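Here the structure comes first, spelled out in structure tokens, and everything after it is commentary.
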């Protein structure tokens, strides 16, 4: 690795992760990997293909450092069609858009239908499947992508940036921004899969972790997982994660095969940064915990229900329920639902989305 910069106890270093074809130029392009490391022995690795997090390493209560996100050792895995968005920046619009269409200012726009008749995670070639340009700015890694007018059917040329910043106190900040030349919906998210016992510990490790989400409602879905515009209270239901629950117990209480719901975050417990407490996960065995804070109204909690026989880093076998996602976001299908938070940006406006993942260790385990 190249010599890095030491800014506020954080070092940024770079090496080559692999290669891929840049479809804009048709040329073989090196994929850059940036490693951010702090003095607490936490490190984060990101690559400029899909602005993707490939590794997050954090110590446990015994001082052992483990990688707690799913991913691949090389580009072959990330380029495989079976890759379920491991660690990637998803866009132009994350989650599902009903019927692959929407109307802005009385003009209907038809976008790609990559899941049945619906649109998911930006289409066939979303932001997760393109090369981003990279700039290291002190202790920050800034990645930029230009999505042309008409990309996957979306109106307007969009310039999107994703900034990764690791702090000395084990917080990873991700800031996603975008501007557009025409009115267009934007809803970016990061799609990392977490297992605080270690990325290769499987569903057994994940089931023994404790999760809670700061939300009184979820967005109601139809049988095709399309959000309808209604809200369902979580009180007295198996969706209620306001009080911490073991993940395995919570999944067993569901009729569905696992969690895959957008939780409508309560605007309470706001940090001085202006971010709202969204979710927490805790692994009693390792003592690791993770807290999620965001400025977004929703968070998709997904428990890897459709992961099947994927070989990941260090030969680890990834399967159903082996990890979970906390995807902060606007409400799904918001562009088609008038009473949902606005998802359309217009020329002169800027989309901005901030999420922080904070890591630490907890020596004492109490579940009240």
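Using the three backbone atoms N, Cα and C, a Cβ is placed for every residue, glycine included.
Whatever TrEMBL says is automated annotation, not expert-curated.
When secondary structure is read from DSSP and collapsed to three states, residue 191 (active site, proton donor) falls in the coil class. Other Cβ atoms within 10 Å of the Cβ of residue 191 (active site, proton donor) number 21 in total over all chains. Among the features that TrEMBL reports, active site, proton donor is placed at 191.
Sequence annotations record features per position, and here TrEMBL assigns active site, proton acceptor to 327. A 10 Å cutoff on Cβ-Cβ distances gives residue 327 (active site, proton acceptor) a total of 23 other Cβ atoms nearby, all chains included.
The beta-D-galactose binding site annotation in TrEMBL covers 95, 96, 191, 192, 193, 260. In the three-state DSSP scheme, residue 95 (beta-D-galactose binding site) is classed as coil.
Annotation for residue 95 (beta-D-galactose binding site): spatial neighbours 120, 121, 187, 189, 227, 262, 300, 329, 332, 333, criterion Cβ-Cβ under 8 Å with sequence separation of six or more. Sequence-distant neighbours of residue 260 (beta-D-galactose binding site) (same chain, six or more apart, CB under 8 Å from its CB) are 225, 300, 301, 302, 303, 305, listed in sequence order.
Distance from the CA of residue 327 (active site, proton acceptor) to the CA of residue 193 (beta-D-galactose binding site) is 9 Å.
In this structure, the C-alpha atom of residue 192 (beta-D-galactose binding site) lies 8 angstrom from that of residue 327 (active site, proton acceptor). Long-range neighbours of residue 96 (beta-D-galactose binding site) (same chain, six or more residues apart, CB within less than 8 Å of its CB): 115, 118, 119, 120, 225, 226, 227, 332, 333.
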